[in-house]
Number of protein chains: 2
Amino acid sequence: MSESMQGLKRSHRCAELSNSNIGNEVTVMGWVQKRRNLGSLIFVDLRDRSGLLQIVFDENSVGKEGFEKAGTLRSEFVLAVTGEVVKRSGAVNTNLKTGEIEVIAKSFRILSESETPPFPIEANSQTKDEIRLKYRFLDLRRPDIQRNLILRSKAATVIRNFLTEEGFLEIETPILMKSTPEGARDYLVPSRVHHGKFYALPQSPQLFKQLLMCSGYDRYFQIAKCFRDEDLRADRQPEFTQVDMELSFVNDEDVMEVNERLIQKLFKDLIDVDVELPLQRMKWIDAMNQYGSDKPDTRFEMKIIDVSEVVKNCGFGVFTSALENNGYVRGLNVKGQAGMPRKKIDALVKDAKELGAKGLAYLCVNEDGSYKSSFAKFMADEELKAICQAMNAENGDLLLFAADSFKVVCDVLGTLRLKLAKTLDLIDENKFNFLWVTEFPLLEWSEEENRYTAMHHPFTMPMEEDLDKIETDPGAVRAIAYDIVLNGVELGGGSVRIHQNDIQEKMFETLGFTKEDAHERFGFLLNAFKYGVPPHAGLAYGFDRLIMLMVKADSIRDVMAFPKVKDASCLMTKAPDVVDAEQLKELGIEILDEESEE
Amino acid sequence: MSESMQGLKRSHRCAELSNSNIGNEVTVMGWVQKRRNLGSLIFVDLRDRSGLLQIVFDENSVGKEGFEKAGTLRSEFVLAVTGEVVKRSGAVNTNLKTGEIEVIAKSFRILSESETPPFPIEANSQTKDEIRLKYRFLDLRRPDIQRNLILRSKAATVIRNFLTEEGFLEIETPILMKSTPEGARDYLVPSRVHHGKFYALPQSPQLFKQLLMCSGYDRYFQIAKCFRDEDLRADRQPEFTQVDMELSFVNDEDVMEVNERLIQKLFKDLIDVDVELPLQRMKWIDAMNQYGSDKPDTRFEMKIIDVSEVVKNCGFGVFTSALENNGYVRGLNVKGQAGMPRKKIDALVKDAKELGAKGLAYLCVNEDGSYKSSFAKFMADEELKAICQAMNAENGDLLLFAADSFKVVCDVLGTLRLKLAKTLDLIDENKFNFLWVTEFPLLEWSEEENRYTAMHHPFTMPMEEDLDKIETDPGAVRAIAYDIVLNGVELGGGSVRIHQNDIQEKMFETLGFTKEDAHERFGFLLNAFKYGVPPHAGLAYGFDRLIMLMVKADSIRDVMAFPKVKDASCLMTKAPDVVDAEQLKELGIEILDEESEE
């Protein structure tokens, strides 16, 4: 049975009612959260987007027939109820916004019935992900997911209004664009009109936003859908949303300044967190040296300490040979963990090996000042003392050491630092620690391609003082690039772009592109650059990730309405799916036999 | 040569300066619109997004070297100029916001040089579309296009803020979704992970927004990208933008009410046009009868008049036989055009035939009261007089008649009405005439498929009073659907959706779907409907078209940053394009030989 709502008009959402409505006749509509029969009364918690409201069905008020109908109500039925708001007759429910009131139904309609849902609609459900996502339309009813999506909508509003007031224009760039061979794997769209040709879905609007600067739009932004056909991890989705911006006639300071104010406003307006400005800045090299990461989590200490100088002449071959191979010896001081069981230390050693290290050396400074160590036997007492001093070790501390190349030492100690902080509960989850990481390397050496590749992209501007090293020492050139990091997660990043022909040409040369290569890849942007290009710079945030951190969700799936799972499929709609042969024929493509793909 | 802007900071955009800045030192940046040498001075109009500003280079102020450099400036060079704002020494330019002032340059840098652009950067350019779109990055510099895109950005802001204040949440729905066989042709995206399967790009978020209502989000909106792989017309693009919304616990009146206020605000805030509310309403049948169109242009009269009753016994076989075949005889009174040359009338007859009519009858009521007519000889004088009276004809009027089926009569007279209004300049281009068209037929008969098809979509609610006709007389059932029309263009449309199982089942039956068919097509929505679905309704606007009408552009290409041309390609980026064989292999597809497609 489902009744029409003709002639009815909702007066309030459920949780918009309060003490001030007592005595009012109201009409509310929503879903039955639960029904309880209590003596001669029936109680229903009615749920809508705003929250819960208690409805009371009393035969005296709703009539015999109505009372019987109320007895048939089950979870997730949709009701329209007209009645009077009264002070709650039973105990006040302090967990509820509407806990002091209830509505005595005078009349009601069942707008829609419901089968028994496969899982209860409640916050923090323990239901398996597969079931949740198959029934996403029910999962989306859960109040925690609703809270996330409501906050996401508000965040978009705050961002848009802030940027609009700062003179940014929102301009839509194409979704059907051209495939560019740089970067991640593109999603392709076969063209029906142009046989054998394909569109690509954008990985970002990078080239278009730079074009818009060439075209004089001065300040652009877009909350843009982007696509990458990559294997998924917990915080990746095939389509994701980016808050994308670009500014003309600015330098890096201008971009960071406006974005700091944006972040401050966003966190204040949405989750009432005060972000102090200016944000901390950290050079890339310092982040790597102290935190072993270009996105350091600064909510806890335990910085990496370099002891290369201290151990360079020690008797432990592992340390000295690493140094001889232009490597480093660095350590972590895990305070008060000298008593860590051997099994746990062994697990850390195993982690280190998985990260590429040959091992992990340790030194427990026992409470009585004695040592337990993997390498103490190779060292004199004063050598051990010097190490402890360098590491600021006190009795009871556990010292861990990696001796390897810069990359491996950073990876190992950076990863162990995070892992230990979690295990030892060192992280204050109420902190929101922002920082800018700056002065990234412009280029990184690709062993695979046997050439330098752009760390950000080929249009990133080198720092002026490093310009003369582009030809002589490309690996040492720093970029005018900046990442914004929150609690150890990269929220976004950007750079000043090259607007000078001569620098751009040098850059392409360094990347090993001929003029023809460059033109094939970025032709339309290079064409545009011939006709007067303003200095410009930009930044983009991962919007899903930003919201995830703001609401402290575990996965970006909890801040998107219709996410996909690891194999990039949608469990609810069963996308992707087979299509008619006719459709493929029109597109001029056919499916390869599975074998022939090998 | 391109100089860095290090150490410089822009103080104003060009046209932000006015009399109140006289005496100030300012730094402006922008593009050279033109340079003129006048005696010992050089004048440059500098352009940015805000407009033009006159810069004066005087050797006394800018130095000898600077003056020489200023002599090298050419169109589209990018400059940074620091100087003093002064009252204009020459004549005031009243065409310019900054026409009373100029800036005497003290120093300047050439931030970027420019080749000579292929066409001048100016409003209302006569450049061919192909060249404009190939060099879209230059075309986008034109002030009229900039004005359009700036208004578009503002319109999005107004819409978002209005809807947000009305309790709507902006929720993003997927771009990579499942292909549904109803509607236009889908763009497909091959899946790399799932061999032989495809995603489809959404033609609209219709199913997802209905799901969100099932999930309790109450009021949803999105400014959403939509895609249709159809052959393009002037106002169609393969990807377009829709202002999409859906509301729970509402009826058609609620949807129209909130949208009327949205339209009123939009037109007032953006183009200072007062839209009077409530908007006119017109039933579909009246629109067809009086205007021959479901999107009538009411900026001029010349309504269609039915004379079937008057001519039913006349001597003109064309009229009477049309009536005998359940057709109609209807006419247009083209005021004061009795003297229209025969050649022009013949052209109208030809148009009528192209629209499916067997002919077009005419009757000129000459200034002296005599007739010139294609059919007068078949009629008695009193019959002609009765026709003239029914048509409100006065001396000097031209009467045109179609006698045919309902569809053909409407098509012919509706089309000729618009054509004549344009030719005869009857349309007041300053008017913004809105109306709602309501009570659309729920179904239309498809000769091709030999079944009824849904006029809007299969979830559209029939009018309550027509419910019992669904089985007995499906063609007569009206829908609770509404289109919003502006100046003869469909701006948007929507409907109340079916939320009752029994009605939905009847609807599917009428459309000739078995339960299995329905489930295959709309399975996840029907699943969701099992668990308590609120009454809901929605509407969607074509955003590009809305902006086009607001700025009075000729084509939606002039209100999009990067449009495609008729063959769905982008002349600037050359998308779509060929891709690497490797990419296709990974996707498990191959391109068919062109011949084998036949």
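Here the Cβ of each residue, glycine as well, is placed from N, Cα and C on the backbone.
Model, not experiment: these values are computed from the prediction.
Pulled from TrEMBL:
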type: SITE; residues: A:Gly90; note: site 'Important for tRNA non-discrimination'
type: DOMAIN; residues: A:151-563; note: domain 'Aminoacyl-transfer RNA synthetases class-II family profile'
type: BINDING; residues: A:Glu182, A:Arg228, A:His456, A:Arg497; note: L-aspartate binding site
type: REGION; residues: A:206-209; note: region 'Aspartate'
type: BINDING; residues: A:Arg228, A:Asp229, A:Glu230, A:Gln237, A:Glu490, A:Gly542, A:Phe543, A:Asp544, A:Arg545; note: ATP binding site
Mean per-residue pLDDT computed across the region 'Aspartate' (A:206-209): 95
Position of peak Cβ density within 10 Å, selected from the binding-site residues A:Arg228, A:His456, A:Arg497: A:Arg497
Integer Cα-Cα distance in angstrom, A:Glu230 (ATP binding site) to A:His456 (L-aspartate binding site): 18
Among the ATP-binding set A:Arg228, A:Asp229, A:Glu230, A:Gln237, A:Glu490, A:Gly542, A:Phe543, A:Asp544, A:Arg545, as the record gives it, the longest Cα-Cα distance in Å: 20
Residues in the region 'Aspartate' (A:206-209) grouped by DSSP into helix, strand and remaining coil: 4 helix, 0 strand, 0 coil
Contacting positions for the region 'Aspartate' (A:206-209) when only residues 6+ beyond its ends and CB under 8 Å are counted: 173-174, 177, 180, 220, 222, 244-246, 457, 459, 522, 524-525, 538
Count of other CB atoms lying within 10 Å of the CB belonging to A:Phe543 (ATP binding site): 27
Shortest C-alpha distance to A:Glu490 (ATP binding site) - which of the recorded positions A:Gly90, A:Arg228, A:His456, A:Arg497: A:His456
Residue from A:Gly90, A:Arg228, A:His456, A:Arg497 whose C-alpha is spatially nearest that of A:Phe543 (ATP binding site), among the recorded positions: A:Arg228
By Cα-Cα distance, the member of binding-site residues A:Arg228, A:His456, A:Arg545 nearest A:Gly90 (site 'Important for tRNA non-discrimination'): A:Arg545
Position of peak Cβ density within 10 Å, selected from the binding-site residues A:Glu230, A:Glu490: A:Glu490
Distance [Cα-Cα, Å, rounded] between A:Arg497 (L-aspartate binding site) and A:Arg545 (ATP binding site): 25
Inter-residue Cα distance where the pair is A:Arg545 (ATP binding site) and A:His456 (L-aspartate binding site), in Å: 19
Collapsed DSSP category at A:Phe543 (ATP binding site): helix
Three-class DSSP secondary structure - A:Arg497 (L-aspartate binding site): strand
Candidate with the highest Cβ count within 10 Å, taken from the recorded positions A:Gly90, A:Arg545: A:Arg545
Cα-to-Cα gap, A:Arg228 (L-aspartate binding site) vs A:Arg545 (ATP binding site), nearest whole Å: 16
